[in-house]
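Visitor: So TrEMBL says this about it:
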| type | residues | note |
| --- | --- | --- |
| TRANSMEM | 73-94 | transmembrane segment |
| TRANSMEM | 114-132 | transmembrane segment |
| TRANSMEM | 217-240 | transmembrane segment |
| TRANSMEM | 252-272 | transmembrane segment |
| TRANSMEM | 284-302 | transmembrane segment |
Amino acid sequence: MNLDSRLPPRKTVLTSIVSHYSNRSVTRMSVDIFKLDGQDGKALPIHVPQKVGFLETYRYIMEDAADSRVADWFLMGSPFPLLGIIFLYLLFVLRFGPLFMKNRKPYNLNKFMICYNISMAIASATVFYGLLTSGFTTKFSLGCETHVISNDPDSYRTARWVWRLLMLKVLELSDTVIFILRKKYNQASFLHVYHHTSTAFLSWIACKFVPGGMWTFTIMPNCIVHVIMYTYYLLACLGPQVQKRIAPWKQYITGLQMLQFIIMICHMFQTLLPTCEPNRKPIAYIYMSQILVMFCMFCDYYKKSYLRKKTE
């Protein structure tokens, strides 16, 4: 008997290389299930491991599925810096702010608020104009527009404006801080706090994954409403007489906020059509669910604040 026939087959260098890269491809395939693009289930590989590590999934979402252009921008490396800001904001608003003001008189921030409201109104108008002129007045329609990762001037400019919107939403958290320092605790309601925190995080999602295409349309109605809202706050700083004159406007501003949610939902509904492939389609479900929640909360506020008062 030949001695070699009794020995186990030896691994050649070629066998080792094939085995190595086959294992790598299986790992990669297992992560591909989590693509946000929405794939046909039939296209998935047959041999897919049942379990995928959390860190591997997180790395895929934060690196491969994200828009690579924004990775090095401020707050865009991971969600944790923004979550940290939101956590500190909630700590101050819900706990340490009221404790700090417990034995203090309300701060007189009238002059600061005049400057603040002017700045925020101008900033909202600037973001609106920037988004409008970087796509919707050049090549985008109001229909289904795919988000394309590109370094062409318009596409890159749009992404930068979405990032600037995120910075604006982080600054808008100061609204609640001002309420606390003035002891206007009733204005720091659950609706107000939830709206500010969720909008900031949704803006981060938009900038991280879809800073372009049809996704940017929903930002523009919000900017218009905020220009009007901060103008109202500015006028309210001009004294009791002006406050009395503009008091009826508050109801219409709330109605305008509800109208913007309807416009957003109608526009976002296009993403659910089979003929529309905007890229990162599952994000539409996040957007629409959040918009519906906000619409219901504002409807409830409108009903309690204005409709019941009229009946009474």
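Keep in mind that glycine also has a Cβ here, set from the backbone N, Cα and C atoms.
Unlike curated records, TrEMBL annotations are generated automatically.
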Visitor: What stretch, picked from 73-94, 217-240, 284-302, has the most CB pairs under 8 A with the transmembrane segment (114-132)?
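Guide: The listed stretch sharing the most Cβ pairs with the transmembrane segment (114-132) is 217-240.
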Visitor: Can you tell me which parts of the same chain pack against the transmembrane segment (284-302), counting only residues 6+ beyond its ends and a CB-CB cutoff under 8 A?
Guide: 191, 194-195, 198, 202, 205, 215, 218, 251, 254-255, 257-258, 261-262, 264-265, 268-269, 271-272, 278
Visitor: Taking a Cβ cut-off under 8 Å, which residues six or more beyond the ends of the transmembrane segment (73-94) line up next to it in the same chain?
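Guide: For the transmembrane segment (73-94), the nonlocal Cβ contacts are 62, 163, 166-167, 170, 173, 176-177, 180, 188, 193, 196-197, 200-201, 204, 207-208.
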